[in-house]
Amino acid sequence: GQLPTWLQGILLRNGPGMHTIGDSKYNHWFDGMALLHSFTFKNGEVYYRSKYLRSDTYNCNIEANRIVVSEFGTMAYPDPCKNIFAKAFSYLSHTIPEFTDNCLINIMKAGDEFYATGETNFIRKINVQTLETLEKVDYNKYVAVNLATSHPHYDSAGNVLNMGTSIVDKGKTKYLLFKIPSSVPEQEKKKSCFKHLEVVCSIPSRSLLHPSYYHSFGITENYIIFIEQPFRLDIVKMATAYIRGVSWASCLAYNKDDKTWFHFIDRKTKKEVSTKFYTDAMVFFHHINAYEEDGHIVFDIIAYTDNSLYDMFYLKNLGKDFEENVKLTSIPTCKRFVVPLQHDKDAVVDSNLVTLPSTATAVKEKDGSIYCQPEILCEGIELPRINYGYNGKKYKYVFATEVQWSPVPTKIAKFNTQTKEMLHWGQDDCWPSEPVFVPSPDAKEEDDGVILTCVVKTDPKDPPFLLVLDAKTFTELGRATVNVEMHMDLHGMFIPQQDLKTGTE
C-alpha cells in the first residue's frame, strides 16, 4: 500500500516480552520483562526495531539467570537455601517493598524526554531513536507516592498531570494528583522537570489500609475525575505477602456489595467538589474521555462487573486451551456517566437531576448524596484511544480493540458515541494491538488522520505487520510486514517528527 507522505515520526510501543529466565517463569503475562518496539516512518518507508528495557530488574534477573525481583503476580526470593532467620529479616525489609523498575505498560513524554512507565514509583528514561535505556527516575524523591498510573494526561501547555497513591504516609493513605512542568526556568536548564513537580491536590483514601486500585483517571477543561472503586489493595496483606510466599496480586480484592465513589477536583481552586456522587460496584481500568456540558460532567469509561480480567492473564490460562480457559465472566461495557455538578440544591429527594438528553441518571438521596446510573454506549471494546486534540472536550469517536468474550482482541473498532455506529477492521488469525490515532496536519474533522496498530498472527510462521488505516473510512492504506517475532503489547504513543530531538539519528 501507500503511506501518507505527511506521516513522519515514531510509533513507540511497550509491553511484556520475556516470561522465562533460566529455569524460572513468571506467573502472569503482565509480569514479563518490558520489551520496547518502534516503527519509524520516514519518507514513505517504515523501519522497525525492538529492545528489552535494560531496567535494574532486567539486569539483576539476567545476571542471576532466574527471577530475583518480584513483579505484581510473581513473588521472587533472594536465595531459597537461606535459613528462616534470614528470611524473617528480608521480610522486615520488604514491608513496603522496593518495587520493580520493569516499566512495561506505557510511554510518557515529560519535557523533551520520553519515559517507559509501569505502575510503581519508578520510570525509565529512554532514547526513542535507539531504544536504549537511560536513567531511572524515582517519583518518590519528588512526591510521596508508592504507586503511580501509566496513563498521565497532558495539558495544552504540555505539562504532565498524573496520579499516585501514597501508602500510609504519616498515618494517612491518600491519592495525590501531581503536575510535572513541560519546561524548567532558563537559569535551571541543567535540572530535570521532576525537580519542579508540584502536588495539585490530595484526596484521602476512604480506608486507611485498603486504597483503591486505579489504572487511569479523567480530565475536563476545569476538573479532574478520580474514581475510587471497590477493587482494593490490602496493605497489611501486602506487607506480609513476602513471608507468606504469595504475590501482591493476591492482596487485591473486589467487594461487589460496595459503592464506587466519584471525586471531582476543581483544577483552578485545587479543591474537591463537596457533593458526594457514587454508583454501584464496578471494576474498570480505562477512562476514554470526559467533557463538560450545561453544568454537567460527562465521562466515558470501560467497566466490568467483576475483577476476572486480571485472572485471565495468568500464564497457566494462556496455554493451548486458551479459548476455553478465558471466557470472560464480565464483558467490557462502555458506560457514560452524566453528573450534574451544578444542580438545584433544593431539588426533591428521588428526583433525577440530569437535564441533558441521556438515559444516564443522577438521583438525589435523603442524605444529599447523588446516585448515578450510566447510559450504556456499547459493549466489547477495550484499549480505547481518541483524537487527543479532543481530550477533555465534547467528542465523537473512540478507536479501540474489539474483544468478544475473550480478553485478547480480534478486531479494531471505530465507535461513534453520538450515532452508536461502529466500523471494524479484522482478518482471520490476526490479533491487533491498541489502535493509535495520528491526525493529519491539515485536519478539519475529528477523524481526519490515520490509525496505526501492530498485528500479530496466530501462526508463528506468518510474519506480524504494522497496519495503517484511514481513520475516517477504516479502509486499509498500507501495511509493513516485519520479519521478526513480535509480541502483543499494551500501550504506546506516536511521536511526530517535530517532537524528536534532531541530530540524534
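Glycine is no exception: its Cβ is also placed from the backbone N, Cα and C atoms.
Annotations in TrEMBL come from automatic prediction, not curation.
The Fe cation binding site annotation in TrEMBL covers H151, H215, H286, H491. Every protein chain shown contributes to the tally, and the Cβ of H151 (Fe cation binding site) ends up with 20 other Cβ atoms within 10 Å.
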- Across H215, H491, listed as binding-site residues, the smallest other-CB tally within 10 A is for H215
- For the recorded Fe cation site formed by H151, H215, H286, H491, which further same-chain residues have Cβ atoms within 8 Å of the site's Cβ center? I105, N106, T149, S150, S216, F285, H287
